[in-house]
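Engineer: Sharing the feature lines straight out of Swiss-Prot:
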- 27-143: domain 'CMP/dCMP-type deaminase' (DOMAIN)
- His70, Cys101, Cys106: Zn(2+) binding site (BINDING)
- Glu72: active site, proton donor (ACT_SITE)
Amino acid sequence: MEASPASGPRHLMDPHIFTSNFNNGIGRHKTYLCYEVERLDNGTSVKMDQHRGFLHNQAKNLLCGFYGRHAELRFLDLVPSLQLDPAQIYRVTWFISWSPCFSWGCAGEVRAFLQENTHVRLRIFAARIYDYDPLYKEALQMLRDAGAQVSIMTYDEFKHCWDTFVDHQGCPFQPWDGLDEHSQALSGRLRAILQNQGN
């Protein structure tokens, strides 16, 4: 079940769904996006717990004429309901199972959102780089150029997600085999992509 932007009880993710979608495995076809919003005030941040939750992409159903909706765009769809005051500065943090794509418009839509909403700062922590998209480097560079801070999730971010967004029933986060090595390798790849201005 997904979190609602409205006030009320917050839904939590099933532990198996979290682990299977955020771990190092390949062949995952869904993108999960956990989000939280903070108001920045004189160098301090104020967490806005009512603006915290998770969502995932909607699969296409061509029989109904529905072409699907990526998780990043679904988040942008709910932003108006968050009623973020343009006179305040906000930091939105995404913990996302795949980095945003280029070919299906996600990076471009996020860039447009950031350009139109200069009171919002975006941090993206991705579990994996979406290199199935041939233009994935362009997507990451576009996000960087739009002012988004893009990083790879490490143990700390996975644990934070587990503690914050998962119905863990009191069980502590158990890192999977290769988590640190995988995060370090992806961080190196991402650093190289973001440092390359031309490609």
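Cβ coordinates come from backbone N, Cα and C, glycine included.
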Engineer: Which residues, sitting 6 or more apart from Cys101 (Zn(2+) binding site) on the same chain, put a CB under 8 Å from its CB?
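Structural biologist: For Cys101 (Zn(2+) binding site), the qualifying residues are His70, Ala107, Tyr130, Asp133, Leu135, Tyr136, Ala139.
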Engineer: Which of the three DSSP-derived classes (helix, strand, coil) applies to His70 (Zn(2+) binding site)?
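Structural biologist: In the DSSP reduction, His70 (Zn(2+) binding site) maps to coil.
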Engineer: Just the number: how many Å between the Cα atoms of Glu72 (active site, proton donor) and Cys106 (Zn(2+) binding site)?
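Structural biologist: On Cα coordinates alone, these residues lie 6 Å apart.
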Engineer: Take every residue in the domain 'CMP/dCMP-type deaminase' (27-143), average their pLDDT values, and give the whole-number result.
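Structural biologist: Averaging the confidence scores along the domain 'CMP/dCMP-type deaminase' (27-143) gives 90.
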Engineer: Just to be sure I understand, if DSSP states are collapsed into helix, strand and coil, how many residues of the domain 'CMP/dCMP-type deaminase' (27-143) fall in each?
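Structural biologist: So the counts come to 34 helix, 42 strand, 41 coil.
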Engineer: An 8 Å radius from the center of the His70, Cys101, Cys106 Cβ atoms defines the neighbourhood of the Zn(2+) site; name the other residues of that chain inside it, in order.
Structural biologist: Thr31, Ala71, Glu72, Leu73, Pro100, Phe102, Trp104, Gly105, Ala107, Glu109, Tyr130, Ala139
Engineer: Sorted by position, what residues of the same chain at least six away from Cys106 (Zn(2+) binding site) have a C-beta under 8 A from it?
Structural biologist: His70, Glu72, Leu73, Pro100, Ala139
Engineer: Among the recorded positions His70, Glu72, which residue has the largest number of other Cβ atoms within 10 Å of its own Cβ?
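Structural biologist: Output for this query is Glu72.
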